[in-house]
Amino acid sequence: MGLEHTFYPAEDRFEPLLEHSEPVNFVPKENAKSYVRQGFASPHQSLMDNLVDSTESTKRSENFVSHIPLTPSHSGQSEKLMSTRTSHSPYISPTMSYTNHSPANLTRNSSFNHQHYSTTLRSPPSMRGRGIDVNSSHYPHISRPRTSSDSQKMYTRAPVDYYYIQENPYFNNIDQDSISDKSLPSTNQSLHHSEEDTESDNDFSESIHPEFDIDVFYKVSNILYDESDLQDPEKRERLEWHSMLSSVLKGDVMQTEKRRLRLTEPDGHSGTYISEVWLGLQAWLHGRLNADQAEVIRKSREGVEPVLREVIDFQIQDEETTKPPLEQVTEILEKVEQCKQFYISSREMEENVPLSASKEFNYKLNALISWSNVMESIQVETLVLQKWVGNDEFDLTMRTPQFNYDGVENTSSFVERIFRQSGLQRTFEQRTLTTLNRIIHQAKQTISENAQAFEEMKLPTYEDKLLPLVRFPIKLLEEALRLRLAYAKKIKGPNFLIVDSMLDDFKIALSVAVRIKREYIKIASPSPGWSLPTNVDEDYDNVLLDSLKFYFKLLTLKLSSGNKNLYFKEIDFLENEWAFLNEHIYWINGGDIHMAGQFSYLSNSLLLNVHRYVESHLNGPTERTAASLTNWYSTLLKNTQIRFRKILRFSETLNSRFENASDFVISEGHLPDLVNRLSTTGHFLAYTANLERDGVFVIADHTLSENPEALKALLFSKDISNLETIQQNCSYVLILCPVHPIVWKGRIEKVDVPDFSVDLKTNRVRIIASNKREHLQAAKSVFQSISGDLVTLAVECRSSITRVYKEFIRLSKLCMRISSTVVDCVSAVREACSGVNCHDLIYHVFSFAAEFGQRILRFLSFDSYWQTKLKRKITSLAVEWISFICDECDLMDRKTFRWGVGALEFLMLMIRGNNILLIDDAMFLKIREKVGKSMAFLLTHFDVLGAKSKVAAKLQRESTEVSSSPRLTSFGDVEEEALSIQLLQKETMLRIDELEIERNNTLLERLAIGHVLDDSVFRNRDFIKLASSFSNITIRWQQGHFVRSGMFGDVYTGVNMETGDLLAVKEIKLQDSRTFRSTVDQIHNEMTVLERLNHPNVVTYYGVEVHREKVYIFMEFCQGGSLADLLAHGRIEDENVLKVYVVQLLEGLAYIHSQHILHRDIKPANILLDHRGMIKYSDFGSALYVSPPTDPEVRYEDIQPELQHLAGTPMYMAPEIILGTKKGDFGAMDIWSLGCVILEMMTGSTPWSEMDNEWAIMYHVAAMHTPSIPQNEKISSLARDFIEQCFERDPEQRPRAVDLLTHPWITDFRKKTIITMPPATITKKTSLSHTITEEKTAQLLAGRHDDSKAETDSLAASYKEESALPVASNVGLRQPNELRIDSINLPPAIVTPDTINYSVD
């Protein structure tokens, strides 16, 4: 045990020990005397806990006996003196007691190390943070400080400074000491510990009282005396006494004894001591004496070895006569565990019972433990899945009733709940299925590692219990795909948005399905003791193939939708889909053949579209001017070239992927010879039992006899796992279709190959290799060396897949048709340009057709018939090209010379070789004539000695005249035609309104059902608000991808599974009981508001679906994002574009106010845009419906206290809302917010953007300040006046939305601009056009409106007379409503401001 020797001052004399010292208080004399007699101080505090950074003035004794090595001093070194003060400070207690720890009783231990010194002087850890005064004693024998009345001297440095002075030598000393004494624990690893580390329990050794190593201070420079001290007899006596003490403690004898004591008990406790402690604890736990407990343990240990023998000889007994296997294993394991309790550790047990250390025992014991753990995990996971699915049979299609708050029975299967709540991808990422996968792999590993032990102990395999778990993901995905296919096939004529959504869904489903199949095959792979079905069910493969087929159907719909955004990206889209499916198609049985055929079909369809595009545009524009013709045909040629090159490149890549065969014709009468040669060269006949009935035989190379899977892969063009080996052996398969029966004398092997169609003519043989061209060429060489002259090559390279080859032939024909059309387009262009000087255009058409024909010729190199036919057509084109140059162009123009040279070179290329022999006489004579004429005019351009160049330069300087022809424009009278169109539109709208009224009435009748909830249940009382709503619906829908997260819930896309319409689904969770009621009130308030609104500029609300823990709100899906997203790219610079948005904002707000609703949170983030750019008000969570007062003299705020509540976003908030003052006319607060939104659209930055927090914004708004409005040079004066009216400080004077609709800034725009809006349907009652009389409309359009209050009141009254019908919400997505704004139509697609087309008279 470490002891502290406390040295106290002498009797009464106190003198300063150091110069510049801070006064230090010492222990009083009376306390010193008592503890000098004892000679010891309290050992319970570590030495470094005595270091205190004290800022109070204390005194130091003159007679203090310092622990200092006797070395000469260095006069004048004040820093060393100061260092001494801190270096010897470990012997200063925090209560002014100076202590010294004897090295004889202190052991150096790495746990108690110098990390305590690495920080500044501080209080002990036991006192830190507990409100204890560090300047008061924490030792019981020191209670009162005492100060000296003698003279004192102060330090010139702070205590921390002196600590840092001695820090470096201190650490160096520690490092040197650690290196010099290798036998002791190293303390270097503690050097870098932080201050926080020193306060942890890990800093101390396992011994009760850690010892302190005093040696680390011997080398610290801490000389506190000088030569004058040696002259003083008393001081010299003390110094000599200390030198003697130091010599004794540092001597060899003392150091040797210290090391010997350390080595005898390195851990501080002996084994006997630990055993006694353990025995005492066991006796105390069992309520016995130590002797009695020792006897009990001794007798119990006698029965340990039989238990171990029982483990070694353990075997499962018959279940009919004994317990189940799991109980038997659990019982024997409990016995072993009981035996282990009789020993302190496994080492003691192995020493006492050597059998427990034997390999046989541990092998059997580990096997039993592994088997038991896996069985228990399987049972737990089975219960979890049964609870999740809802039944014990894992029946995923069983419909179970769910809680429904409207009283209508709502049953759904487990798969439908998966679609509704999380979707496939997130379902397979959940913890339940990941845990299941881990348990299955763990079970397989356990069986593989302990298969022999399980067999010896007759432990039953748990495959029968594990198989339902292994097949669960397969069954889940199979039912999910089947259900998704059933719903998808119900969709009739889906638009491109629905097609995109379904493509994403099926892409995720296919990738997940393939991943699950791969995992199953990996799990089911053979292993010792592991035997599961290696293949998935056939039904799973069938539904996976059906999903792939429907996926291609969706691809076809997308490519044929006519979407302009996809026009030049069709091939890029196909290439991405090809890359995706190429990764997964190997795992879909039959999918590779279907994929090859479908992609070939799609590429041909795109090529056919190019051909139709060329044919439809050959006639040219209606306006026959040089500029219009050049622009028209240049665009046509450019688009055709880009699309055709991409399609042809993709088709070539596709064909090269599946080109793996060649066809040979068998010479007449040599069939038996060929068969004999094949049978004698090691080939074998692969008997399929299917193809032989059709007269088709499969003969394979001898290298495939031991690899039937490779044979199947070659037949079906699949990827081969050992492709390199197949290529090295030049393996191949022959398909023989003889005219007469054959006699096979070689080997016959039965091969299980499914039936497939073979498009092979009789008396032919087809060789099939891999899709590597080198492999096919090598296989052909081997086959031809065997067959010799018995066969003749018919088709050099083709695909063995029938549909791919047919599509390739179709592609060749399409290329031929397009080439012919392009060549013929030259004559069409020349005819369209007759009478117009378009020689440049015609020349470029000739050049394009020539280059196009050359590309097709290279592609058709395999077919001599089509190639010859096309060559003749292109040769005729070359002759026409020369004729055009010689007959129609200016022969004196140098440009004509360049054109003529190019045409002659192209003609020479086309008639080279034997091609000139294929030309008939008439064509050859024409060629000679035209070539001679062209050569004649070419000679006129030859410049001999540069004479013509000089003449041409002179003529160029003299010609300066430029001619131009005026353009005349005439306009016809269209007033009569416009009137007829207007009458037709009115009649159409009346009919549509009648149909809408009838439809809405029918839907209202269908929704008039339900059941009253039991309001005695407390939780149901809050749900009555939601469940009693007529918009509470039940539809089959699927959750899509995540859109964004809001304050009250997350928004996802959704698909109505019955109609295929897209929805926006807001999911609000009701799990927090603290906010349950407020959330329900919030949902009910938003539903109440949305049910009253039905307008094209308000997001459409479809209904709500109430569940026990969540609520789904179905709304219109706005694909264009929010106005805030649009403004993130910058402000709207064009004021006319800005007005298009402002008109929609005003119309929507006017309608909202006419329905007695305040929005109260208008901001860009709450204003959405649909896929056509229409403005939509959304997020009515803060909105408020205000019932109109019965007394016209009563104001809204008098009957609706909620109007006084603070609601909205501070930067868009009106002053009266912050101040709580008068509110003005109904909706005045929304007008201020609308002005802030319009200002943000003008500037691109939020209002009050210069403020750094919301409190500053509220302060400025409350002070009646207005946001900064742009200068007049940025906006027009009318726009500035409009904004200033929105920011009217007095809410009584602030205009309403209907007032702003009559503002000149709006009416002038309406008179000049014709804006169109997409057609849709709405009841006549909600149409804004019928509320304004024709006379009033004419006045507003003509600008002859009266600005008086009566006029605007009349217009507002017309809005207030409207009452929107409730939204029919159980039949899917409704079409956007049509809004007639004073006979002005709104834009069809406002995606971005620069895409808005408007025309100004």
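Note that Cβ sites are derived from N, Cα and C of the backbone, with glycine treated the same way.
Feature annotation from Swiss-Prot assigns region 'Disordered' to 67-99, 176-205. Residues annotated as compositional bias 'Polar residues' in Swiss-Prot: 72-99, 176-191. Here Swiss-Prot flags 1037-1306 as domain 'Protein kinase', drawing on sequence analysis. Taken from Swiss-Prot, the feature ATP binding site applies to VAL1043, ARG1044, SER1045, GLY1046, MET1047, PHE1048, GLY1049, ASP1050, VAL1051, LYS1066.
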Around the Cβ of VAL1051 (ATP binding site), the count of other Cβ atoms that are within 10 Å: 17
Segment-level pLDDT (mean, integer) for the domain 'Protein kinase' (1037-1306): 82
Proximal but sequence-remote residues of the same chain as SER1045 (ATP binding site) (Cβ under 8 Å, at least 6 apart): VAL1051
Neighbourhood of GLY1049 (ATP binding site), C-beta criterion under 8 angstroms, separation at least six: LYS1066, GLU1067, ILE1068, LYS1069
DSSP state at GLY1049 (ATP binding site), helix/strand/coil: coil
Cβ contacts of VAL1043 (ATP binding site) (under 8 Å, same chain, 6 or more positions away): VAL1051, TYR1052, THR1053, ALA1064
DSSP three-state assignment (helix, strand or coil) for VAL1043 (ATP binding site): strand
